[in-house]
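For reference, the structure is listed below as structure tokens.
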């Protein structure tokens, strides 16, 4: 019997949504569990936030562009504006203010982790509107060591999920912000774009149109160049550090963070990329900015940093899974288990198969029943199983095992 959609139901998903079939869904669960296990080892406690929230919670945190992407509606009865969850961090901030205030006031660092879906209106035809994240939030600890913890944790989590040799990009958006605050009135968005593209010529032309002193003009140009291995920090001119105490303080903090990473994980330190001209997330983050990329990936797998009140990162499961798809060394394993198949759909035969499946489950194995299949069809349907128990017309059980996908070997035969 085939499944049919009711009349009038469109089979096309909304733009930006997708289904996960069993193999992909099983891998999603395995990856999520692997990430959460790492977070648990580091002392991060799980929390679950609601899928809907009053829009005011997000309105306080998100930039105007991100607020416009919230899926909003009016709550029946109250008339309040409600939104689907578009970001986890504002909810964590609300939770901290409502239920964790005493712990934080006592000086306790609070470590939280989550697995959640977020929904944002897509800006393009190929952008997902529903996104899946697993992440952490570290509240009440603003030391450089806390920033280093997030960098180390992000790398360990990616390795646990199957990503080896990820490149982690580290920045402090306070460096660019400090300079911007000292510029005369200008088109900040245009300058953001030039710096994000590392367009040194464009930045120079932009600076030429501003009434700038020598140091700001020089530093603005350097922001496009100071990008690379952690040693790039040594190329910040000493005279600029001396003239701008705010910059020296920012750089000292970043250097302290990187020193902790180098001491604890030299191999990871060698993979870090430092970008002093990072401006993405400028209106959200206040200090550390962290992103991680798998070899050859087009999208970051990890995005996060320090914001007002805490720090954290999210692992983007969709991007992570895409990077695993591209890696021939990563093969999703079968779910395993025992499929019990019968040649007919007769109640007596079905009862026989059901009893066998129940016995397998009682022994702690995964087991299920398929009725009305030939042996060949049963073997094709049992692609996810390790063992096939097939009851033919004589109601004798043939036991088949599958070592490699599609390679079935008959193990034994027994009476009913």
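Just so you know, the numbers here start at 1 and follow the chain as drawn.
Cβ coordinates are placed from backbone N, Cα and C, and glycine is handled just like the others.
Keep in mind that this is a model prediction, so the values were computed, not measured.
Record features (TrEMBL):
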DOMAIN    16-319  domain 'Class II Histidinyl-tRNA synthetase (HisRS)-like catalytic core'
BINDING   87, 88, 89, 120, 133, 137, 280, 284, 285  L-histidine binding site
Where residue 133 (L-histidine binding site) sits in the secondary structure, as DSSP reduces it to three classes: strand
Cβ neighbour count (within 10 Å, all chains shown) around residue 285 (L-histidine binding site): 22
Integer mean pLDDT for the domain 'Class II Histidinyl-tRNA synthetase (HisRS)-like catalytic core' (16-319): 91
Sequence-distant neighbours of residue 89 (L-histidine binding site) in its chain (C-beta under 8 A, six or more apart): 61, 137, 307, 310, 312
Cβ contacts of residue 280 (L-histidine binding site) (under 8 Å, same chain, 6 or more positions away): 196, 289
Local Cβ density at residue 133 (L-histidine binding site) - other Cβ atoms counted within 10 Å: 20
Collapsed DSSP category at residue 89 (L-histidine binding site): helix
